[in-house]
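Let me begin by presenting the structure, written as structure tokens, before commenting on it.
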């Protein structure tokens with residue numbers, strides 16, 4: 001469900017891990033976005049069944065590290081880079097730089113044989129930190145605002161994915177966000193392309209709070225969890 005509202009006020013400006021030597025793997029084609037499959041009870045809950053394996057080389061080769069908790073710096077596991085990833089249960093959130101900074105990469109259940117299979121912007125092949133992505137609810141509701149401080153035009157999205165905000169009468173300027181239920185990811189461009197910005201449940205008064213370079217979002221989708229969404233991570237309702 002989508003709803004666009006006119007402003008009612010005048011806008012106001014602003015770990016547990018194990019590491020082993022890897023072995024040759026088979027390259028698996030990564031769909032965009034990846035499909036999720038159902039797993040055991042508790043999968044995807046904070047502190048639940050999170051499991052991901054990162055490899056130093058492409059195609060699941062070279063040194064590997066299995067993670068069940070957050071990792072603020074991959075060099076702590078004597079890895080220089082991440083070349084490929086396998087997500088057994090999640091979802092997870094990768095970051096371009098150490099200490100959960102820089103460009104964000106949503107990693108749902110599936111195989112990622114190369115860096116460009118998890119980077120929608122294709123602007124950086126670096127992934128230096130990673131953590132579980134919080135999923136708080138099976139329901140999804142988000143408010144997008146034109147200006148900072150939750151002012152200007154507002155778009156409400158409930159339990160739906162939106163490949164183009166323009167197609168539903170909303171502009172591409174999104175300067176503040178309220179994620180009321182569920183976890184969401186916004187993209188710079190239509191069709192879920194460009195830099196990714198994750199919105200876990202909470203309020204984001206200014207676009208710099210989601211580490212954006214500008215207040216630009218043109219498509220939005222739900223991040224879904226196999227515990228509640230067993231039919232896949234990406235279906236329009």
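Quick reminder: no glycine exception, Cβ is built from N, Cα and C everywhere.
TrEMBL does not curate its annotations; it predicts them automatically.
For 50-89 (among others), the entry in TrEMBL reads domain 'Beta/gamma crystallin 'Greek key''.
For 90-134 (among others), the entry in TrEMBL reads domain 'Beta/gamma crystallin 'Greek key''. Per DSSP, the secondary structure of the domain 'Beta/gamma crystallin 'Greek key'' (90-134) breaks down as 3 helix, 20 strand, 22 coil.
The domain 'Beta/gamma crystallin 'Greek key'' annotation in TrEMBL covers 182-224 (among others). Looking at the domain 'Beta/gamma crystallin 'Greek key'' (182-224) alone, the prediction's average pLDDT is 95.
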Message = So if I exclude everything within five residues of the ends of the domain 'Beta/gamma crystallin 'Greek key'' (182-224), which remaining residues of that chain have a CB under 8 angstroms from its CBs? That is, six or more out.
response = 14, 32-33, 36, 91, 93, 101-106, 108, 120-121, 123, 133-142, 144, 148-150, 157, 159-167, 172-176, 232-234
Message = From the DSSP assignment alone, can you count helix, strand and coil residues within the domain 'Beta/gamma crystallin 'Greek key'' (182-224)?
response = 4 helix, 23 strand, 16 coil
